[in-house]
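Student: Annotation comment: TrEMBL describes 206-233 as coiled coil. The domain 'Major facilitator superfamily (MFS) profile' annotation in TrEMBL covers 1-460. Positions annotated as transmembrane segment by TrEMBL: 50-69, 81-98, 104-125, 137-158, 164-182, 262-284, 304-326, 333-355, 375-393, 400-420, 432-456.
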Amino acid sequence: MKTFLKQAFVVSGAALNIVGHGCAHGYPAVLFAQLIRDGGPVTLTDHDTSWIASSVGLMGIVGNFISPVFMSKLGRQKSHFISTIPALLGWIIFIFGNTVPMFLLARFLHGLALGLRTPLAAILVAEYTEPRYRGAFLGTFAISLGLGILLSHIWGAYLSWKNTAIVCSMFPIISMVIISLSPESPYWLVSKSRFEEAKKAFKWVRGDGEQQNEELEKMIQTQERELNENGNGKEIYRSFSITRYALNSFKSIMKIFKKKEFFKPSIVAICMLIVFEFGGAHMLAAYGNVILQAVLNKENLTDVTWQFTVIDFLRTICAFLAIFLLKNFKRRTILFTSGVMTVLSLTTISVFMYARNSGYMNQAWLVDVLPMVLMITYTFSFCIGIVPLNWVICGEVFPLAYRSLGSTLSTSFLTPAFVISMKTAPHLYSSIGVEGAFLVYSATLTFCLSVMYVLLPETKDRTLIEIENTFKGISTSDKEVQLSLLEKKVSSV
């Protein structure tokens, strides 16, 4: 219990950081509504609001590519602390700023903080927590993000937009305190061959039992074996960290990308992010009323208010239920059950709408009841598995040596996928209808899920070293042979 509480303490820093980012996602609705309703120091045009809303994504990409350099050079703890600084500065600017340029600067800082945190958060949980708790801790991220959005909207209903910013700024401050009191990641310390420090950090956060000591020894032996087999491994990565951004070291890049333990997890993570976005993670929140209007065949958006509330409430319930599922069921079972149900429900909704529009379904009770049942089924199927597993899989699959790099590479696809899905959705709805768009999304999900079915190993209750060896194609007997050869090599020296 003591080690669990220590792990929960460390993870709470990341969770509170994500709650703060959820507040940043929900804050523009508060800002725009109050400035338009009450007037204020500035009058916003549509051009202004669109830039203020979208600027987070632009700086998020920048943060995605800066984050691996910080994680590799400075460590997980310092990188996590740094990610909270622009978030806090953004809230301070909202508190004192009264012009559109200041609002944009604040949003750019929030986007930078989001970009720095996105590759880092899942890695933190994966490296600090035990395999049996990892899924549950990672599953709290979806709850944290949704909670932040909800809280910002609730506070904005009773407080001014400046006072709302003051309250929201508490999250990065509290996160800073928790991060300062947390140790450095033992995995990062091992990757830097700082074994004594790694042992102290590992025992603080994971305990001193036989199983924990065995995992620690395997981690150290794996790092020593990597150093013996590829003495310049760290130099390659350091070179990559610098030259990747300068685009002048193609040889180093290709050497890393050809490794099975790197490109396979990268493909899995990218496919997971595409499934997450095109399955409706953000589209349902932004265009849910438009989707419901088409599916339920209503005349006005106001006619689906209570149905939209039901969908939002169901998403929150699923976020809590997902923690139980991640704790008790295998990752592949949850992912592919959720994925198949999501594809089938999207396809069924599409077929139903085509049939109704063609006049094949005229029964009043069927037309009124069935579409809402199908939307509830779709929302439940998607939110119960795919949404929480997006965080889990991206945090578990990458090997120790390239974890920060791989996580950044995969999560850098999140913003483009977000932009593409959000920008194309209205055009798809107007050109081929919601029913046609759902078929496109079903096909996209089917392809990506098929790729993951082939490449993704089971990761539940397995150490990160065991997951890495699976991608390398090393079985248990192979590992024992390699360790024996390594011991002989060391003894001969």
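Placed from the backbone N, Cα and C atoms, the Cβ positions cover glycine too.
Describe the structural context of these features.
Tutor: Sequence-distant contacts of the transmembrane segment (104-125), counting only residues of its own chain at least 6 positions beyond either end whose CB sits under 8 Å from a CB of the stretch, comprise 10-11, 14, 17-18, 21, 24, 28, 51-52, 55-68, 70-71, 76, 79-80, 82-87, 89-91, 93-94, 97, 134, 137-138, 141, 172, 185, 391-392, 394-396, 398, 403-404, 407-408, 411, 414-415.
Cβ atoms under 8 Å from those of the transmembrane segment (137-158) belong to residues 7-8, 11, 14-16, 18-27, 29-30, 33-34, 121-122, 125-126, 129, 164, 167-168, 171, 315-316, 319-320, 322-323, 326, 387-388, 391-392, 395-396 of the same chain, restricted to positions at least 6 beyond its ends.
Under 8 Å from some Cβ of the transmembrane segment (164-182) lie the Cβ atoms of residues 9-10, 12-14, 16-17, 19-20, 23-24, 27, 30, 77, 80-81, 84-85, 87-88, 91-92, 94-95, 113, 148, 151-152, 155-156, all in the same chain and six or more residues away from its ends.
Same-chain residues lying 6+ beyond the ends of the transmembrane segment (304-326) with a Cβ under 8 Å from its Cβ atoms: 135-136, 138-140, 142-143, 146, 150, 284-285, 288-289, 292-293, 296, 298, 334, 372, 375-376, 379-380, 383-385, 387-389, 392, 460.
Beyond its flanks by at least six residues, the transmembrane segment (333-355) meets 275, 279, 294-295, 325-326, 361, 370-371, 374-375, 377-378, 381-382, 384-386, 389, 393, 433-436, 438-439, 441-442, 445-446, 449, 452-453, 456 of its own chain at Cβ-Cβ distances under 8 Å.
Tertiary proximity for the transmembrane segment (432-456) is limited to same-chain residues at least six positions away from its ends with a CB under 8 Å from its CB atoms, namely 264, 267-268, 271-272, 274-275, 278-280, 290-291, 294-295, 331-332, 335-336, 339-340, 342-343, 346-347, 349-350, 353-354, 357, 393, 397, 425.
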Student: Which whole-number mean pLDDT does the model give the coiled coil (206-233)?
Tutor: 73
